[in-house]
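Per Swiss-Prot, the feature active site maps to LYS208. Under the heading NAD(+) binding site, Swiss-Prot lists 39-68, 102-103, ASN107, THR133, LYS283. Annotated N6-acetyllysine per Swiss-Prot: LYS59, LYS75, LYS120, LYS148, LYS237, LYS241 (among others), in sequence order. Look at Swiss-Prot and you will find LYS75, LYS94, LYS140, LYS148, LYS241, LYS320 (among others) tagged as N6-succinyllysine, backed by a large-scale study or a structure entry. Marked as transit peptide by Swiss-Prot on the basis of similarity to another entry: 1-35.
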Amino acid sequence: MAASLGFRGAASGLWYWSGRRRPVGSLAAVCSRSMASKTPVGFIGLGNMGNPMAKNLMKHGYPLILYDVFPDVCKEFKEAGEQVASSPAEVAEKADRIITMLPSSMNAVEVYSGANGILKKVKKGSLLIDSSTIDPSVSKELAKEVEKMGAVFMDAPVSGGVGAARSGNLTFMVGGVEDEFAAAQELLECMGSNVVYCGAVGTGQSAKICNNMLLAISMIGTAEAMNLGIRSGLDPKLLAKILNMSSGRCWSSDTYNPVPGVMHGVPSSNNYQGGFGTTLMAKDLGLAQDSATSTKTPILLGSLAHQIYRMMCSKGYSKKDFSSVFQYLREEEPF
C-alpha cells in the first residue's frame, strides 16, 4: 500500500516516517516519536467517550484539532487553547493523524464520506483511526475508500466505559495493516492501558462486538440474580459482596453493579444517567446479530439479550445507561 510509505507530522515541518519498523529502544524511534508528538492530531466526536479520550491526548502534549456535530461540546477545548474545525473535512486538511469516535455506522459513513467529510480533504499518508463501534463490513468499505486516497484506515473500537476513558485505561482492539500498528499504538496508548492488534481491517470491530454481546448477557444475568436475591430477602450490598467473592463474579457485578446504592460512582447510583446508553447497547447487539447471521453462528443468549434491550428502548429506557436493565426487570415485569 502506497500510503504506508508516507510521512506524517508534516503540518509543522516535522516528519514522521511510518513505513519502516525500528527497534523500540532505538534513538531514531524515540526522536521520530517525539517529533510526531508535537504535530496536531484531529479528533472527531466528543460525546461521553470521545470527550475524555481527547482530554487524555491533551494531557500527553498533543495539540488537537476538534470537531463535533454539536459545537457547544467543543467550547471547553477551545477555551483550553485547542483548535476547533467547522467540518470533518477541515480537520483532515489540518491534521494527518485523525481519531473518530462516533455513535453508529451511519454517522461514521457521513463523517468520512459525506459532503464535508474527511475524504474530501484527506492528505496522502494520513492515518485515520476509527474508535467507533460499527459494522465490520462498513469498516472494510471505509478502508477501501481511504486507501484510494493514499491514506491508511484502522478500526480501533474500545472497551472499558466512561470511567476507563477518563482514567486512560481503555482497551483498544485494532484492525488494519500490521505495519501501521506502531503508528496507531503511539496515540492509543495515551488513552488506553491495553492496545491489542487483532488482524486485518474489521477484526477490531468483530472483537468489540463479541465483547459487548457478552457484556449485555452478563449485565442481564447480574440484574436477574440481584433482583432474585433482593426479593428473597437478601441485602443487596451483602449479595453483591458474596457474588464478588464467588464464581459468579463478573465486571457487571464488581465494577458496574446495576443495583442503585450498591456502588458509588456508577450510573445505577445516579438514576442510570451517563455511562453507556441502552440505545447503543441495542445497536451493538444488532451488529452481533447481523454478524451471527452472516457467519451462520448460533447466539441464543445474544439474540435474547438483543430482544430485551430493544424492548427497553420501546419502554422509555433508551436514554438511560444499559445497566438500567435491573430497573426494567424489577419494575416492568416483562415476563
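Every residue gets a Cβ built from N, Cα and C, even glycine.
Structure with Swiss-Prot features highlighted.
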residue : record              : CB count, 10 Å
THR39   : NAD(+) binding site : 20
LYS59   : NAD(+) binding site : 11
LEU64   : NAD(+) binding site : 21
LYS75   : N6-acetyllysine     : 10
LYS94   : N6-succinyllysine   : 16
LEU102  : NAD(+) binding site : 24
LYS148  : N6-acetyllysine     : 10
LYS208  : active site         : 28
LYS241  : N6-succinyllysine   : 14
LYS320  : N6-succinyllysine   : 23
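Distance noted between the C-alpha atoms of THR39 (NAD(+) binding site) and LYS241 (N6-succinyllysine) is 48 Å.
Looking at LYS59 (NAD(+) binding site) and LYS75 (N6-acetyllysine), their Cα atoms lie 17 Å from each other. The modified residues under consideration are LYS120, LYS140, LYS237. Their Cβ neighbour counts within 10 Å are lowest for LYS237. Looking at LYS94 (N6-succinyllysine) and LEU64 (NAD(+) binding site), their Cα atoms lie 10 Å from each other. The Cα atom of LYS120 (N6-acetyllysine) lies nearest to that of ILE44, taking the recorded positions ILE44, MET49, LYS75, LYS208 as the candidates. According to DSSP, ILE44 (NAD(+) binding site) sits within a strand segment.
Closest to ALA54 (NAD(+) binding site) in space, going by CA atoms and restricting to the modified residues LYS75, LYS140, LYS148, LYS237, is LYS75. Rounded to a whole number, the distance between the Cα atoms of ILE44 (NAD(+) binding site) and LYS75 (N6-acetyllysine) is 14 Å.
Taken residue by residue with DSSP, THR39 (NAD(+) binding site) is part of neither helix nor strand, so it is coil. In the structure as shown, the Cβ atom of ALA54 (NAD(+) binding site) sits within 10 Å of 26 other Cβ atoms. Counted over every protein chain shown, other Cβ atoms within 10 Å are most numerous around ILE44 among the binding-site residues ILE44, MET49.
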